Amino acid sequence: MADRIKKEELITYAYILLYIALSAGQIFFNKWVLSSKEINFPYPLGLTLYHMVFSSVLCFALTKFSKILKVEEGMTSEIYVTSVIPIGATFAITLWLGNTAYLYISVSFAQMLKAVMPVAVFILGVAAGLEVMSYRMLLVMSVISFGVLVASYGEIDINWMGVIYQMGGVVAEALRLIFMEILVKRKGRKLNPISIMYYVSPCSALCLFIPWIFLEMPKMDAQKSWSFQPFMLTLNSFCTFALNVSVFVVISHTSALTIRVAGVVKDWVVVLLSALLFADTKLTLINICGYAIAIAGVASYNNSKLKKEATRSSSDGNHRDEEYIPVASGTPSDK
């Protein structure tokens, strides 16, 4: 019995480490692909479009032909128009802006700016009637914002264009999470990540294809210095898909608290490794102190949300410790 429990614990730790490795690795992989000094495919909109097309094709193949994965039924045209399309559109914007930020700012600074995500989610949640303003949450949001401001103040080579793109991606991601919460709470639809990818990926691909025609396709036709490597881009897209699946696996074998804690660990890993891997990353003491303050606020926010959800689940007679976790984006705003 003890051996079986120990084996299960080892498997659980292996899943968690896999998620952290895939999540951190995907961020570096995207930076590598977009970098003019490496793969040299400096078209974040085109890269994101490639991801979504690949995800759409793979989800369709896995669910319709191999029957390995199952898509949850019950999707109606009303839900698709009012929920899936807004989720797909905001998801596309999140990926687009998040990847574009890589062209202007370092990976570590992008992660620091991403720490302000709970603030955006909370403010939009209050506006949508999904959250309730309280002095405690206001204090937590202030701590996170202060930490991000301190980290930004410590940035040596700050590029405001990159900051604008990253913060735009944060707002779009917050909107996506709000639309997902509305889908779950108000419309009673709780889809697993595979189902979300199946429905959302084609919509996101279409939302990306239209601006790509006008914004990046002319540049790609005019500039011949960029490199298109089908194998590398397909591998990059497959890693994005694997990351999404790993989130589902971790949640299935652990809990919401585990994935949130793992996410914080992953953020620190990305910040520290980026300082070692990329020449454009120079961490200062102010950077680290500010980010530590922001992460402390994020941890407090996560803890508060988990307690609230546990209380609600208990009152509803639902004793499962799983919760819906949005699929990862494969960008700096990956969940």
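Backbone N, Cα and C atoms are what each Cβ position is placed from, and that goes for glycine too.
All annotation found in TrEMBL is predicted automatically rather than curated by experts.
Pulled from TrEMBL:
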type	residues	note
TRANSMEM	12-29	transmembrane segment
DOMAIN	15-302	domain 'Sugar phosphate transporter'
TRANSMEM	41-63	transmembrane segment
TRANSMEM	84-105	transmembrane segment
TRANSMEM	111-130	transmembrane segment
TRANSMEM	137-154	transmembrane segment
TRANSMEM	160-184	transmembrane segment
TRANSMEM	196-215	transmembrane segment
TRANSMEM	227-250	transmembrane segment
TRANSMEM	257-279	transmembrane segment
TRANSMEM	285-302	transmembrane segment
COMPBIAS	310-323	compositional bias 'Basic and acidic residues'
REGION	310-335	region 'Disordered'
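Long-range Cβ contacts of the transmembrane segment (111-130) within its own chain (Cβ-Cβ under 8 Å, at least 6 residues beyond either end) map to 27, 105, 137, 140-141, 144-145, 147-148, 151-152, 163, 166-167, 170-171, 173-175, 177-178, 181-182, 185, 267, 270-271, 274, 287, 290-291, 294-295, 297-298, 301-302, 332-333. Highest Cβ pair count under 8 Å relative to the transmembrane segment (84-105), across stretches 12-29, 41-63, 160-184, 227-250, 285-302: 160-184. Within the chain, the transmembrane segment (160-184) has long-range Cβ neighbours (under 8 A, six or more residues past its boundaries) at 79, 83-84, 86-87, 90-91, 93-98, 100-101, 103-105, 109-110, 113-114, 116-117, 120-121, 123-125, 128, 130, 152, 190-191, 324, 326, 329, 331-333.
Simply put, out of 12-29, 227-250, 285-302, 285-302 has the most Cβ pairs sitting under 8 Å from the transmembrane segment (137-154). Under 8 Å from some Cβ of the transmembrane segment (41-63) lie the Cβ atoms of residues 30, 33-35, 69-71, 92, 95-96, 99-100, 102-103, 194, 197-198, 201-202, 204-205, 208-209, 211-212, 215-216, 219-220, 226-229, 233-234, 236-238, 240-241, 244, 330-331, all in the same chain and six or more residues away from its ends. Taking the domain 'Sugar phosphate transporter' (15-302) as a whole, pLDDT averages 84 in the prediction.
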